[in-house]
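Here's what TrEMBL has on this protein:
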- B:1-22: signal peptide (SIGNAL)
- B:C145, B:C148, B:H149: heme c binding site (BINDING)
There are 2 protein chains.
Amino acid sequence: MKTLIASLLGAAVLSASLTAQAQLPPEDQIKFRQAGYSFMSWNMGKIKAMAIDEAVEYDQQQILAAANAINGIAQSGMGALFGPGTEADVGDQATRVDPALFDNFPEVAELSKDFVAASDNLVEQAENGEQSDVRAAFAELGKSCKACHDKYRMD
Amino acid sequence: MKTLIASLLGAAVLSASLTAQAQLPPEDQIKFRQAGYSFMSWNMGKIKAMAIDEAVEYDQQQILAAANAINGIAQSGMGALFGPGTEADVGDQATRVDPALFDNFPEVAELSKDFVAASDNLVEQAENGEQSDVRAAFAELGKSCKACHDKYRMD
């Protein structure tokens, strides 16, 4: 029963996202989702450099700005960019997505929920500004990225 | 004098962004800035479809989510992605930037400030939810994009 509810919920979440825009060609969906992940990774890199590696000076405003960028992207409904026809390379767009993702939307919705929660928490800790809290929140966010990559991103 | 102050301010803004992260190779800077613009354009497209073209159902939460994504990206310090060596194509990364941008940082900083203000306002109007206000804010944001494209993006 729990699985059924999760399944319906996952489907509803994805379908809500899908109806919110005109249908995009699969190639554009892949391009936009990769842009989102790429831009998040730049911002993860900045936080890592400041709060973890201490390779550059710790700057709360810059960490908060990076966290807000990640959070804004995480909450933008990227599920809509995993529509039919985006399971494999299309035209010039190569994708590393594991086609298994498309048979497991309820689980993907759960992983996505964890990711959004972790990015919310990162914003909260960046607002608070304590470096040790930012480090912990950053590690949690990294784990939530990896949880999905391990399952649904191919090498 | 005003020009000198603006010039110093522009340089300071850009330099603050630049020190906030480890130096990225020019190729990565171009890749990440294009990812940011690309992801913003996806979110602009969603708002356009809902609030302007009415091609899909008006949904305040989705408009707000799109506005927050744009705003988070706009405020993330993308000036740091226009470092030395990114004036022209590098490796696999093609760029449409006009090299003149790199000689006019103070003006670019002004254009960027207008863009950030317009994206702040879009978030505010999306929170308020009134479609006519969202349309007006969207038009303003579009103008602020175009102001920079007309000057510093090549066809």
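Using N, Cα and C of the backbone, Cβ positions are placed for all residues, glycine too.
The structure displayed is predicted, hence computed values, not measured ones.
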### Task
Tally every other Cβ atom lying within 10 Å of the Cβ atom of B:C148 (heme c binding site).
17
### Query
Near B:C145 (heme c binding site), which residues of its chain come within a Cβ-Cβ distance under 8 Å, counting only those 6 or more away in sequence?
B:M44, B:F115
### Query
Can you list, in sequence order, the residues of the same chain other than B:C145, B:C148, B:H149 whose CB lies within 8 Å of the CB centroid of the heme c site?
B:L111, B:F115, B:S144, B:K146, B:A147, B:D150, B:K151, B:Y152, B:R153
